[in-house]
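Trainee: I am attaching a structure below and will ask some questions about it afterwards.
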Amino acid sequence: EPSKLRSLIYPLSATVAPDILRRLFPARTRRPAPIIPLTRLEMNLFRFCSGLKVLGYFVILLVITFVAVSYYAVVVNTWWPILIENNHKALSALACLIIFVFHFLLIMLLWSYFTAVFTDPGSVPEHFRRELVVVGDSLEAGTSTEQGALGYCPKCRNVKPPRCHHCSVCQRCVLKMDHHCVWIVNCVGARNYKFFLLFLLYTFLETLLDVVVLLPSFIEFFSQAIKRSSSPSQLASLVLAFVLNLAFVLSLLCFIVMHLSLVSTNTTSVEVHEKSGDVRWKYDLGKRKNFEQVFGKKKAFWLLPLYSKDDLHNITSLQGLEFPTRSDIDP
């Protein structure tokens, strides 16, 4: 009957409706904000940059602008007029030599730079995902290879080869990751570490040359400014190029010394913390072999952003998946 049906529905609606309302419109209470210890704060500036990846490509424009300013100050404004207008053979020969060396280093710099930018540092291949069975966020006990126990990345949910680390900017695991470089808008890893080091080397040599050849003109800057013998644009480009190149020389020297020490011990910037507790680093094969693990064995290719086919085939560390270890240390 309708009356009995209404009597059954009403109590049910009276109990269900308030619960729905409480869920939809919970009571507003003021709760104090939780206090997070400083040790648990994740202050990672690259996470801010990861949300603005488009801005990273403006760094490439900054590099090109720096090269253009240096080119104008060194070649167009200083030494090319000396080569064309000066009748002194020795000075003209010096100008010709400086212009030649400048262009050679510039070509090698740009070649190494764009090779480091566009070369994939190395990612985990598909067959590693099928090699081990993953349970939750950990690996099953006893799973190992000749290189030792493989790691697992809880962010990528992927098995990791040895010396592989997760990059919070690229949001992926990178083989033999060294660091994420803002200047090349890319990670520095197993397959482009050599190109990155050559970029540092040729940039250092180029900026050092610029500082040396611009130094005489920079010394005369104040006298020219007083006499107003040069245009303001020429003086501005001279000062800007000299100051920028001098700053790059000093900073790049520190980076080159740091990375040479890392190469000599077959260590990455990430692994410095892992190595600090070990008396003997298991990947340290000696300075000669450590150098070959990055630059290859073919001497003709050492200063070129290239690898020979033999090195790519025979040196497994260049692929970033397998790495030889010392025989006197257990892997």
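Quick reminder: no glycine exception, Cβ is built from N, Cα and C everywhere.
Here TrEMBL flags 54-79, 91-114, 195-215, 235-260 as transmembrane segment. Here TrEMBL flags 150-274 as domain 'Palmitoyltransferase DHHC'.
Let's see these features in context: how buried, what's close, how far.
Mentor: Below 8 angstroms of C-beta separation, residues 95, 98-99, 102, 106, 109-110, 113, 117, 182-183, 185, 206-207, 209-210, 213-214, 217, 234, 237-238, 240-242, 244-245, 248 of the same chain, each at least six residues beyond the ends of the transmembrane segment (54-79), sit close to that stretch.
DSSP labels the residues of the domain 'Palmitoyltransferase DHHC' (150-274) in these numbers: 70 helix, 18 strand, 37 coil.
Beyond the transmembrane segment (235-260), the same-chain residues lying 6 or more positions past its ends with a Cβ under 8 Å from any Cβ of the stretch are 66, 69-70, 72-74, 77-78, 197, 200-201, 203-204, 207-208, 210-211, 214-215, 217-218, 221, 224-225.
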Trainee: Looking at the domain 'Palmitoyltransferase DHHC' (150-274) alone, can you tell me the average pLDDT?
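Mentor: Computed over the domain 'Palmitoyltransferase DHHC' (150-274), the mean pLDDT is 87 on the 0 to 100 scale.
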